[in-house]
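As recorded in Swiss-Prot:
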- 13-82: domain 'J' (DOMAIN)
- Ser8: phosphoserine (MOD_RES)
- Ser10: phosphoserine (MOD_RES)
- Ser12: phosphoserine (MOD_RES)
- Ser15: phosphoserine (MOD_RES)
- Tyr17: phosphotyrosine (MOD_RES)
- Lys56: N6-acetyllysine (MOD_RES)
- Ser151: phosphoserine (MOD_RES)
Amino acid sequence: MADQRQRSLSTSGESLYHVLGLDKNATSDDIKKSYRKLALKYHPDKNPDNPEAADKFKEINNAHAILTDATKRNIYDKYGSLGLYVAEQFGEENVNTYFVLSSWWAKALFVVCGLLTCCYCCCCLCCCFNCCCGKCKPKAPEGEETEFYVSPEDLEAQLQSDEREATDTPIVIQPASATETTQLTADSHPSYHTDGFN
């Protein structure tokens, strides 16, 4: 049994219908009737000595579970068991996207775009380096102010001139030097009250 080749995923979407003995156009009532009939025939309690009946019963249950779920049945009808595997891996809502992106024309489009943009270097330059290091960057709208670079030296000079203009009276007294013991040796007694409680 270990030497047995693993079953490949089909894309036709017909084998589950064959398990139940139906064709692809079967209604949900036909699926239920066929399932009940085959489940009674191959149930493990009715065939305790037959391990093949237990395997057949598992296949019947699997086919019934997939074909009675409308979403899974639709995926199976379109893409076969490969579609069910993709739905398991990526989610049922992403199956169509997966098959579109894995089609030959989507791969060809990706390769052509890669070749036209020098392995996507142009895209990287436009997104990361602001369109050729800023040479081709888009113009700002008429009403908005454009951003410009200010050197740190110019900014420092501007801040110092603003400080000089803002102070009306110069500071004449130097602050007293302080150490860790300043509060301990001070002549006045410290007050632990806040301003509101004096």
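Keep in mind that glycine also has a Cβ here, set from the backbone N, Cα and C atoms.
Counted with DSSP, the domain 'J' (13-82) comes out as 51 helix, 0 strand, 19 coil.
The modified residues shown are Tyr17, Lys56, Ser151; of these, the one with its CA atom nearest the CA of Ser10 (phosphoserine) is Tyr17. In this structure, of the modified residues Ser10, Ser15, Ser151, the smallest number of CB atoms within 10 A of the CB marks Ser151.
Among the modified residues Ser15, Tyr17, Lys56, the residue whose Cα lies closest in space to that of Ser151 (phosphoserine) is Ser15. The Cβ neighbour count for Tyr17 (phosphotyrosine), using a 10 Å radius and every protein chain shown, is 19. Around the Cβ of the residue listed as 'N6-acetyllysine', the same chain contributes Leu38, Tyr42, each under 8 angstroms and 6 or more positions distant in sequence. Mean pLDDT for the domain 'J' (13-82) in the predicted structure: 90.
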